[in-house]
Amino acid sequence: MAKRVLVKYSGEALSGESGFGIESKILDYLARELKTLVEAGIEVGIVIGGGNFIRGVSVSQGGLIRRTSGDYMGMLATMINGVAMQEALEYYGLDVRVQSALEIKEVCETYINRRAIRHLEKGRVVIFVAGTGNPFFTTDTAATLRAVEIGAEMIIKATKVDGVFDKDPAKFDDAVMLRQIGYDQALKDNIKVMDDTAIALAKDNTLPIVVCNMLREGNLLKIIQGDSGAVYSKVSNEN
Ligand code: GTP
């Protein structure tokens, strides 16, 4: 069983049907799922995107807002999501610390790697917000970076699909889900699990990327415990 993991959610994951903002029902569900991990003795880091409020790339497309500013706006959005998740996890009795790559100390702690690791060792969930603190990097890249920095054994990308398929399952009935893909294959096939920067960083550090469906109840714990009933795809070194 993995001892320390980083779970990455998209911002849209929190918004449900509406695609905007935070839906309490989903936040509540995710918090309950994450609680099962902590109860099993797993150390959990979390990164949440900010796309349910703003996406740097999209907001800057019209040319009125520069990409750099758009990305900073996106980083602030991840802070909103992180604070919301902290509240939800605390509601269920967990100890949680939010650490930000941008210093806004009235809202949360600033990211300090050694401190984050101490929090994890003490059984606290650590939510990393504000991406890497730099524009032009996605939250997937930020999540991968934090996963490597805290020595997570895997990064779990919780999505709305079960895993990675050989072709688009929405278009092809015979699409097959792939259980394992090499980093190079993932990059070559442009499988869009994560952006290339994130995959390359994972590859350089031999960090497995697990892709799974966040809506499958209990699946997250099964994956980490190595349960044979777990449903996921894994990007890792080919064996
Ligand atoms: P220990 O060192 O193990 O006691 O960890 P701790 O996080 O409980 O200690 P600390 O006294 O650093 O933090 C107490 C509370 O204040 C925690 O909820 C922290 O998240 C919070 N906190 C610490 N530093 C900051 C900060 O710079 N800004 C904000 N907003 N909260 C902070």
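Every residue, even glycine, has its Cβ placed from backbone N, Cα and C.
According to TrEMBL, the protein carries these features:
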DOMAIN    3-213  domain 'Aspartate/glutamate/uridylate kinase'
BINDING   K8, Y9, S10, G11, G51, R55, T159, F165, D168  ATP binding site
REGION    16-21  region 'Involved in allosteric activation by GTP'
BINDING   G50, D71, T132, G133, N134, P135, F136, F137, T138, T139  UMP binding site
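Cβ packing within 10 Å was compared across the binding-site residues S10, T132, N134, T159, and the lowest neighbour count falls to N134.
Cα of T138 (UMP binding site) to Cα of G51 (ATP binding site): a distance of 11 Å. Of all the binding-site residues given, namely G50, T132, F136, none has its Cα within 10 Å of the Cα of T159 (ATP binding site). Within the set of binding-site residues (G50, G51), the lowest number of other Cβ atoms found within 10 Å of a Cβ is recorded at G51. Helix, strand and coil content of the region 'Involved in allosteric activation by GTP' (16-21), in residues and according to DSSP, is 3 helix, 0 strand, 3 coil. Proximity of K8 (ATP binding site) to non-local residues of its own chain (separation of 6 or more, Cβ distance below 8 Å) is seen for I46, V47, I48, G49, T139, D140, A143, I155, I156, K157, A158, given in sequence order.
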